[in-house]
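Undergrad: Here it is: the structure, laid out below.
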Amino acid sequence: MHTKTLTELKAGLAAGDFSSRELTEHFLARIKQYDGELNSFVTVTEEQALAQADAADATLATNRASSSVSGLLTGLPIAHKDIFCTEGVRTSCGSKMLDNFIAPYTATVVEKMAAEGAVMLGKTNMDEFAMGSSNETSYYGPVKNPWDLERVPGGSSGGAAACLGARLAPAATGTDTGGSIRQPAALNNITGLKPTYGRVSRWGMIAFASSLDQAGPMAQSAEDCALMLQAMAGHDHRDSTSLNEKVGDYLGALKDDIRGLTIGIPEEFFPDTLDGAIADNSRDAIRELEKLGAKVVSVSLPSIKLSVPAYYVIAPAEASANLSRFDGVRFGHRCDDPQDLEDLYKRSRSEGFGDEVKRRILVGAYALSAGYYDAYYRRAQQVRSLIRDDFARAFEKVDVLMGPTAPETAFKLGAKKDDPVSMYMADVFTIGVNLAGLPALSMPTGFINGLPTGTQIIGNYFREGQILNVAHKYQQATDWHKQAPAFGGAQ
């Protein structure tokens with residue numbers, strides 16, 4: 001059953017080929033057998049999952065008897081990134097700071113998917129507070145890449161991507177602040193979508209950088225991501241950044257024709273320094289879409305080269321404010337025997353946060369400090385406006401933009417741990433999308449020495465249906481997304 005896509009599993013449940021309990025037990029058994037080596041889960045919610053599966057089976061049986069329509073995700077097992085609050089279940093955000101935090105409420109994303117009948121398998125490992133590109137900053141240890149256990153799965157949604165790559169779950173939720181859905185999707189040979197900023201509610205999602213964070217689906221195929229987004233998307237009055245925009249018919253959009261669609265190729269996404277094999281895989285994907293009737297033109301995003309430095313001012317600045325609430329007073333790790341309030345703050349935060357989180361808090365506080373605000377934070381926001389304008393000009397000429405998702409394949413565990421700048425460059429092609437608030441998807445487009453590569457499709461605001469359709473058409477013509485690693489008998 002684990003070789004089937006989410007969409008295929010949905011059809012099997014509807015037809016009565018197997019029950020949700022059988023399906024859920026199958027994935028729980030795989031997690032139990034293989035995740036000790038992979039470390040992709042922080043918490044497995046076995047009892048809750050089986051109870052939800054039994055309830056789903058009852059719903060499916062009733063609906064089959066009455067020819068009624070079940071929820072979009074009824075009976076389908078899904079893993080949630082451990083950044084989404086889940087009532088009564090630990091929500092750690094990959095940090096010692098929240099190691100014992102039991103959320104008193106459930107995030108909107110989890111709530112909406114549960115309302116559509118989804119079964120929660122558990123909570124996936126992640127870089128601490130979503131700060132990282134390799135899933136090595138987690139308090140619970142690094143996640144391994146199922147294609148090579150000596151390599152990283154990418155981050156920060158590395159646990160979600162790795163468990164999907166190894167077929168320990170058919171689908172998962174992730175979050176993307178600078179590439180945290182798309183980069184690990186590329187490194188694990190899965191499909192991942194970052195929606196338009198505000199398309200999916202952030203309520204109950206622990207904040208890293210509030211103007212950049214966005215939740216999205218991760219799965220084997222674009223069709224699966226469309227199914228998940230249909231359940232996740234929508235306005236939420238509890239989230240002030242949620243946009244009251246009509247939810248599209250994402251599954252219906254997969255039937256649209258792409259003949260005449262114009263694909264823009266930003267020259268900045270194919271620099272001379274890029275690994276030639278990665279460039280070739282993405283160019284091959286673009287050529288495949290040309291065969292299907294799409295047109296290709298060259299475009300330029302001149303300010304995109306400034307995206308990484310701008311991001312690493314804006315995101316840490318927002319993080320320094322968001323993480324100030326974790327002080328050991330109301331919740332979070334509290335040090336033993338504090339001498340006074342100042343000692344409580346200092347030691348609780350020093351003990352609770354890891355090195356990368358501390359680094360970003362310091363950088364962010366510095367950028368916002370008197371005398372440096374104009375030199376760094378204000379200037380970074382001006383660069384952000386330039387990047388947004390570059391994308392707007394490009395979309396006057398084209399429908400979508402395409403290029404490699406990541407500049408390299410999965411690197412060795414520990415290879416960049418002492419070189420933060422090198423680690424930050426892992427998101428060089430993805431960060432600009434977050435700064436502009438655009439939707440983008442990563443899809444599998446080949447291998448280099450047995451390691452997956454991905455190609456990114458960027459769309460205009462609220463054009464998720466279009467980029468999902470482009471990816472779906474490509475996946476109908478190719479089988480890269482069907483390739484699975486030898487690990488855990490995923491093939």
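Glycine is no exception: its Cβ is also placed from the backbone N, Cα and C atoms.
Take a look at what Swiss-Prot says about it:
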type	residues	note
ACT_SITE	K81	active site, charge relay system
ACT_SITE	S156	active site, charge relay system
ACT_SITE	S180	active site, acyl-ester intermediate
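Would you situate these features in the structure and describe their surroundings?
TA: Classification of K81 (active site, charge relay system) by DSSP places it within a strand. Counting only same-chain residues at least 6 apart in sequence, those with a Cβ under 8 Å from the Cβ of K81 (active site, charge relay system) are K123, T124, M126, S157, G159, A160, A172, T173, G174, T175.
Neighbour density for S156 (active site, charge relay system): within 10 A of its CB lie 35 other CB atoms from the protein chains shown.
According to DSSP, S180 (active site, acyl-ester intermediate) sits in a coil region rather than a helix or strand. Every protein chain shown contributes to the tally, and the Cβ of S180 (active site, acyl-ester intermediate) ends up with 37 other Cβ atoms within 10 Å.
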Undergrad: Could you round the CA separation between S156 (active site, charge relay system) and S180 (active site, acyl-ester intermediate) to a whole angstrom and send it over?
TA: 5
